[in-house]
Amino acid sequence: MLRLSERNMKVLFAAALIVGSVVFLLLPGPSVANDKKKGPKVTVKVYFDFQIGDEPVGRVTFGLFGKTVPKTVDNFVALATGEKGFGYKNSKFHRVIKDFMIQGGDFTRGDGTGGKSIYGERFPDENFKLKHYGPGWVSMANAGKDTNGSQFFITTVKTSWLDGKHVVFGKVLEGMDVVRKVENTKTDSRDKPLKDVIIVDCGKIEVEKPFAIAKE
């Protein structure tokens, strides 16, 4: 009986080790778990220097997701650098709604009825892989399906109702305090700022190695 008991104990111990190994193999390692938490990769940055009225208020730096939405990012970068002979420099943010978003990019008319892309007047929605997860996400403004031009908006809250309707392509990495200053500027009954909100300078910042950011 003693030998049988010892044998049973050995079998049970071996079985426990096997089960433990299986559980260990099934559980995701730290790198896998972290990968699931990671969001899109920033491949390039763009900066805007803001002025409200005559007062400089600071710089906003955007991280753009060139692997997820390359065509949309290329458009935004080219308009920021002005490499095509037109773009965002000296244009205004024409629409500001507190607890929602701030909108700009109409460098032709300045009132939300103009603007154009580097591909022509309008270009199609690239994809809707990314969502409006929270404050600071940058997305294309449009007048309906496949009507992207140059206008864009920066969220100041989570705006889930826009998911699947507007192409998200970037996020504020630095300068969210500047976005808040713009968000809190006084506006008229049509959401136009009473003092001009101007992009006095803008450009591109290279990224040596793409990096992921959280979806928040």
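The count begins at 1 with the first shown residue.
Every residue gets a Cβ built from N, Cα and C, even glycine.
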Practice prompt. When you get a sec, could you say which of 117-120, 161-164, 169-172, 213-216 is annotated motif 'Prevents secretion from ER' by Swiss-Prot?
Written response: 213-216
Worksheet item: Which of the modified residues K165, C202, K209 has its Cα closest in space to the Cα of K84 (N6-succinyllysine)?
Response: C202
Practice prompt. Write down the Cα-Cα distance for K165 (N6-acetyllysine) and K209 (N6-succinyllysine), rounded and given in Å.
Written response: 30
Fill in: Cα-Cα distance linking K165 (N6-acetyllysine) and C202 (S-nitrosocysteine), given in Å to the nearest integer
27
Worksheet item: What are the non-local neighbours of K165 (N6-acetyllysine), defined as same-chain residues 6+ apart in sequence with CB under 8 A from its CB?
Response: F128, N142
Worksheet item: So what's the average pLDDT for the domain 'PPIase cyclophilin-type' (47-204)?
Response: 99
